[in-house]
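Here is what Swiss-Prot says about this protein:
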type	residues	note
SIGNAL	1-20	signal peptide
DISULFID	Cys37-Cys78	disulfide bond
DISULFID	Cys64-Cys95	disulfide bond
COMPBIAS	108-127	compositional bias 'Low complexity'
REGION	108-133	region 'Disordered'
Amino acid sequence: MATEVQFACALVVLLGCGYAGTPTPSKSTLIYNSQNCTTYPSIENGQSSLYYNGSWFIRYEFNCSSGYELQGWPYTTCIFWPKNGTIWTNGPPSCVKLNITTTLMPTSTSTTPVTTGTFPDPQNTTHPTHHTVKPTRRPINLLRFGYTPWAIITLVVIILLVVWIVNCCMGPMF
């Protein structure tokens, strides 16, 4: 079943001069050339939706019915070529039936006999030995609170420097 399309494809050309051949909108003239699109065939076991945005394009989008898979492009657009007239960008897709096969696994109704015998007593079972890790000692170069002597010396120097700057530049505070 084919549907007659009542819309037109448009070729829009901007004329004008610009840097490196780019069109200049202020000096451009709009030339509108339209041709009727040919009828686009419908697809078997699928649907198509027609989209038209005023003057830029006409587009069909396709999807397949449940149980079918789309083979080909999911859309096609009508465009105008000066030498060829209007053409659709892609050929019609097709909807191919999905091959869903299920494999039944054989089931067994037989039962496995229970093994009788002796099993180890959980109370008397030996467990792997755990090795205790001795805590590591602080390196010798760290002091009581975990700081190196250089960190404490640097901190004292910074405090003395700040006190000297305050007293020198701002005068005695007392």
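Yeah, the Cβs are placed from backbone N, Cα and C, and that goes for glycine too.
Where Swiss-Prot records a feature, it is marked here on the structure.
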| residue | record | Cβ neighbours (10 Å) |
| --- | --- | --- |
| Cys64 | disulfide bond | 21 |
| Cys78 | disulfide bond | 23 |
| Cys95 | disulfide bond | 20 |
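The two recorded residues Cys64 (disulfide bond) and Cys78 (disulfide bond) have their Cα atoms spaced 21 Å from each other.
The distance from the Cα of Cys95 (disulfide bond) to the Cα of Cys78 (disulfide bond) comes to 21 Å. According to DSSP, Cys78 (disulfide bond) sits within a strand segment.
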